[in-house]
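Chemist: Reproduced below are the annotations present in TrEMBL:
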{"type": "TRANSMEM", "residues": "27-48", "note": "transmembrane segment"}
{"type": "TRANSMEM", "residues": "54-75", "note": "transmembrane segment"}
{"type": "TRANSMEM", "residues": "118-139", "note": "transmembrane segment"}
{"type": "TRANSMEM", "residues": "159-180", "note": "transmembrane segment"}
{"type": "TRANSMEM", "residues": "192-217", "note": "transmembrane segment"}
{"type": "TRANSMEM", "residues": "237-257", "note": "transmembrane segment"}
């Protein structure tokens, strides 16, 4: 499954490189590479159990970059930042959305300006920068024996590093959710809803599913099966599930992203209604065409 996923991605990358404009080419290739990369790292971690720490961190770093790329793709699909500001000149962002503020409908709506777009891009960019730094720190502490992944005591660094990474993840997903809620109707013709659904599936399966399985393994709910301990068997099960799930997402992504979509019309043309153009009434008088009551010579 991993090998087929890699081959499907390579074929799709060649198609995107030939058919997609250069302004959106690299972003779409990055987003489509998320599932094959996670499948590859899971396969390596399954066959070489001692490399699980490095494979999980590699997948985490790559997906942190993909989250930022997905936000940039939505802006690019709207025609770029300047065109997006023109389309939503008097619009507002609804910040009472998940995963941070979905239970706070009383929050005010923020006007769409260059500054608010900067803060949204910063919300995903900080995750792409700080998560690799924290993961590098975790690996350094792990090689020294100070970082134990399943030791969540307050005295250990694993709890605090994971909590900080979780907070950064929530802020990044919140920024993407705010942008998606605003542009989902405009970009419906570009299948942005299925693309966002695939992106959300990768988030849930790669983070939430793996975390739940690891918790079950730590609490001995997943029994050991010699020579595998409970934690090793939980990691083994999570990697097997990720390989199958990322294979399906790779195949579905090829169908969604390979289709050809028409570019959006400029705001002036989009705002113009069919009845705006008034035709000059014409009258035929004795075989002569009369416009506005004057005969045409």
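Cβ atoms here come from the backbone N, Cα and C positions, even for glycine.
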Chemist: For the transmembrane segment (192-217) against the transmembrane segment (27-48), do we get 3 or more Cβ-Cβ pairs below 8 Å once near-sequence pairs (under 6 apart) are dropped?
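Modeler: Stretch pair touches.
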Chemist: Considering only Cβ pairs within less than 8 angstroms, which of the stretches 27-48, 54-75, 237-257 has the most against the transmembrane segment (159-180)?
Modeler: 54-75
Chemist: By Cβ distance under 8 Å, which residues at least 6 away from the ends of the transmembrane segment (27-48) in the same chain are close to it?
Modeler: 1-2, 5-6, 8-9, 12-13, 16-17, 20, 55-56, 58-59, 62-63, 65-66, 69-70, 72-73, 76, 195, 199, 202, 206, 235-236, 238-240, 242-243, 246-247, 249-250, 253-254, 257
